[in-house]
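Notes follow the structure.
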Amino acid sequence: MSANQDDANLLEVRGLTKTFGTLTACDHIDLNVAKGEIHALLGENGAGKSTLVKMLFGTLEPNSGEIFWNDQAVTITNPGFAKKLGIGMVFQHFSLFEALTAAENIALSLDDGSPISTIAAKARALSYSYGLPLDPQSLVGDLSVGERQRIEIIRCLLQTPQLIILDEPTSVLTPQEADKLFETLERLRSEGKSILYISHRLEEVKRICDRATVLRHGKVVGHCNPRKETAASLARMMVGNDVQAVVRAPVQGIETAQPLLEIRALSRRPATPFSIPLRNINLTVRAGEVIGIAGVAGNGQGEFFESVSGEVPQQDAASVRIRGKDAGGLSITGRRLMGAAFVPEERLGHGAAPRMKLSENLLLSRHATDGKVFVGAGGMVKSDAIYAAAQRIIKAMDVRKSALDPEAAALSGGNLQKFIVGRELDRRPSVMVVNQPTWGVDAGAAAHIRQTLIELARSGSAVLVISQDLDELFEISDAIAVMHNGELSKPLPIAEATFEKIGLLMGGAEPGHAEHALETS
Amino acid sequence: MDITVNILLTIATAATPLLIAAIGELVVERSGVLNLGVEGMMIMGAVGGFGAGYLTGSPWIGLLAAIALGAVFSLLFAVMTLSLATNQVATGLSLTLLGLGLSGMMGTSFVGQPGARLPNLDIPGLTAIPVIGRLLFGQDPIFYISIALTAAVMWFLFKTRTGLTLRSIGDSHTSAHALGIQVIRYRYLAVIFGGACAGLAGGHLSLVYTPQWVENMTAGRGWIALALVVFASWRPWRVLAGAYIFGAVWIGQLHAQAFGIPVPSQLLSSLPYLATIVVLVLISRNKRLTMMNTPASLGQPFVPDR
């Protein structure tokens, strides 16, 4: 405990509790935020951080507990009231309107009724004074994720809040953009504003936060001064025990290994006005290696995954080759039959049918590849064989569940992801393509998934991982390529890759994007 | 010359109910709600308008009754879809079925009765001007209301803060809720406005177009209004253009049939639909603009977590 009890508290939370059905998302949370400090709220996914701040911003109603603002008890019933008090919020999943301009988006959260042109001028002036340049007339749908976050921040600052809540602000930024954000936050602190900073990234919390409150399973498990802690000790507080480190043995002679997945001059026109075209992508993944694709969200990763998995087949059959054969014209089932396996980003509704049992979900993705095992004479489904296979996967991946064969939606995000990855691994695929393998998965499960991906590669398969999490890519990849605006950079061998180099590529520092790189660096 | 003026007047009369119903539905859909009950609300307006006009002898009271009945009927839809979060498509369809049945029952005693008709505008000196006099100053009052309504909705949606808020709710109700915008309240008001417009459009049919009550007299106009909104990519002036193209081709093919042109009458009757779709598709070629104007949360129920 290093809380400065002498300083006046701007915000004090006592015994705040929120339950959803039988789940207690927040259990008697206590939290103090002093004036002029950056206070970290640390915790894994599902620890109750987002629920807590939603109650502070008035979008959720607590079941019990008290909130004090400048030592006055307050009941925050709606976001409008929170704004009046002086609480501003930058959401993790942005609350922006794609079809409106930046200025219109900002106007919607201000209640002063001044004309849009005045607001646009104010926003422009403020954005330049904080070094976050913003064009108020641009359409949000056309902007990058980093630029969208600027709108959120400027919108928040225009309300002149005393407390700014930032929910996982750097998860969508390049390392350089994150540096810029930290400068802004430090300037705000020097102006006497308080910041509640929500993150699970320990290094940045150590770097900018004065105090931290750590949540686990909806409870406060500790307060600390992050600067006096190590990343490992903070992780232990968050997770409750030590997280096993991922082991990656170096590969030898990969240049001569057989290419199992080849992407040749893959291009794709944008499907909607707001989506990204793919421009002449080339990539080879060889037997035995893990290739990582980094990039800020929304730079074409989703479109790329769709094209590689066959959700959207290509005109040019040679643009995707699996085990030396053209696969570009094939559907997802056709590509699976060639030995490839795919794990999409969205777990519910894409990777799994939410209201179907795990065994049924297993059949859905493997009825073609494992037709002989799962489907008998006359197209009758062999329930016993499928059930047995599902149980085998559940055991191998340590999937925790409440029933023998529950519906997919009944599993937590991490456990469902373990099942989906396990379902594909169980086939021993020779090509595995995974989009965001551990997004929203707790640290223990994430380490397990990463380790199995490495082991699959080392057993002779080609593994391609698309991820926004740079730490993850550095942990598991043998080489990292970067996707920016629908183009893919050359893979950088892991020995040569640094956060800085990858970060510059994520910002667009490649021939043809030089001007943009100067702007952001 | 007189014939031309008469044809132009009938075109305006045919287009007016479509325009009013479609403009109302446009506001509803801009808020993110899809109300397929336009036909039902319209027929309720028609029977209510006729009944009140017939019983009181005043077409003006009939007009108010038509608006009120459409609004009340839409309130039923609003309670179901907004407060109880039912499926909007199913609820809208049942609203149409309910409206058609209920209006038939309410109107049994009105069948064959002479109704009250709203008088056309008659301004001494102005209406008598040759050609343009009758076009500009001699039409029924609802025609003027429909034009004013279109202009007002255009101004409201794109020039006022409240209109911006309404559009933002249609784009993303979750974002709007997170900003503290009262999503459900705005949607209630939008749905009721749409209902009042549909009621007014129905009132036009039974108080101006054919001042009598015939069961099922809307004859699918509610559905045409719904289609106009989509094909006009949720933009008011395009709805106006679409309604008038439909009206013009409709009247044109009636005259063509009367002249006995050797084309199957079924083909001629389908022309207004074809022409309207072709023209509106052509003016909505710009995909990006269409995308920007499409309410992204259209038809999705909104349930805030509490």
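Keep in mind that glycine also has a Cβ here, set from the backbone N, Cα and C atoms.
As written in TrEMBL, here are the features:
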- B:6-28: transmembrane segment (TRANSMEM)
- B:33-54: transmembrane segment (TRANSMEM)
- B:60-82: transmembrane segment (TRANSMEM)
- B:89-111: transmembrane segment (TRANSMEM)
- B:141-158: transmembrane segment (TRANSMEM)
- B:188-210: transmembrane segment (TRANSMEM)
- B:216-234: transmembrane segment (TRANSMEM)
- B:241-261: transmembrane segment (TRANSMEM)
- B:267-283: transmembrane segment (TRANSMEM)
Any contact between the transmembrane segment (B:188-210) and the transmembrane segment (B:33-54), i.e. 3 or more CB pairs below 8 Å with pairs at least 6 residues apart? yes
May I ask which of the stretches B:6-28, B:60-82, B:141-158, B:216-234 has the most CB pairs under 8 A with the transmembrane segment (B:241-261)? B:6-28
Maximum Cβ pairs under 8 Å to the transmembrane segment (B:216-234) - stretch from the list B:6-28, B:33-54, B:60-82, B:89-111: B:33-54
Positions on the same chain near the transmembrane segment (B:89-111), where near means CB under 8 A and six or more residues out: 34-44, 46-48, 50-51, 54, 73, 76-77, 80-81, 213-216, 222, 299
